[in-house]
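Database features, via TrEMBL:
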TRANSMEM  37-62  transmembrane segment
TRANSMEM  69-93  transmembrane segment
TRANSMEM  125-149  transmembrane segment
TRANSMEM  156-177  transmembrane segment
TRANSMEM  189-211  transmembrane segment
Amino acid sequence: MDGNIDVCIPVSENKSEQVHGQVSIEKEFDYSQRGQWLRAAVLGATDGLVSVSSLMMGVGAVKQDVRAMFLTGFAGLVAGACSMAIGEFVSVYSQRDVELAQMKRDKRISGNEEESEKEALPNPIQAAAASALAFMLGAIMPLLAAAFIMDHKVRLGVVVATVSLGLVVFGWIGAVLGGSPVVKSCFRILVGGWLAMAITYGLTMGIGSTVM
């Protein structure tokens, strides 16, 4: 009984091929490449939605006039869009200067490669325009929601509901495009928006009751 029994276990190559395919797909969809424009777009839209709605809620805490609330929100839209555009332009331009200086130090720019290397650098004008447009997109939602509602309490409720829906949508878009968990992203951005509106409403009401 000294004979050896050789047992051959076939190994399927399909599993290794599937794993290799998954790895190649993950490498192909590099979510980090979307980071710059995704951050600017989501940040701009969320900032427009939260800041303008918070301004409107603050005014609504002390004034029931729909005209005052609408004008305050519109002024916040214009000022915020300009501020976002200028801030994004300066930030991206500074980043561009740093990367260009680093390229020159590394001596990676020479001859025909100079133009192609510069084209790969971030564009401050595009970033500023995208940030401003995203801010206006978010800011216009509470403005349209409150513009045609005369009842004060109903108007405030509609603004909160509209902002909540917009925050969930922006959180979902950012999570899907960025490849991050959807529920966590939506919950995080929703709670942040609620806190901003509640704090602005409460503080303005407190100061308004003291001053007036």
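Note: Cβ is positioned from N, Cα and C throughout, glycine not excepted.
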Residue numbers, six or more beyond the limits of the transmembrane segment (189-211), whose CB comes under 8 Å of its CB atoms: 46, 49-51, 53-55, 57-62, 160, 163-164, 167-168, 170-171, 174
Range from 69-93, 125-149, 156-177 with most C-beta pairs under 8 A to the transmembrane segment (37-62): 125-149
Residue numbers, six or more beyond the limits of the transmembrane segment (69-93), whose CB comes under 8 Å of its CB atoms: 40, 44, 47-48, 51-53, 55-56, 58-60, 63, 122-125, 127-136, 139-140, 142-143, 146-147, 155
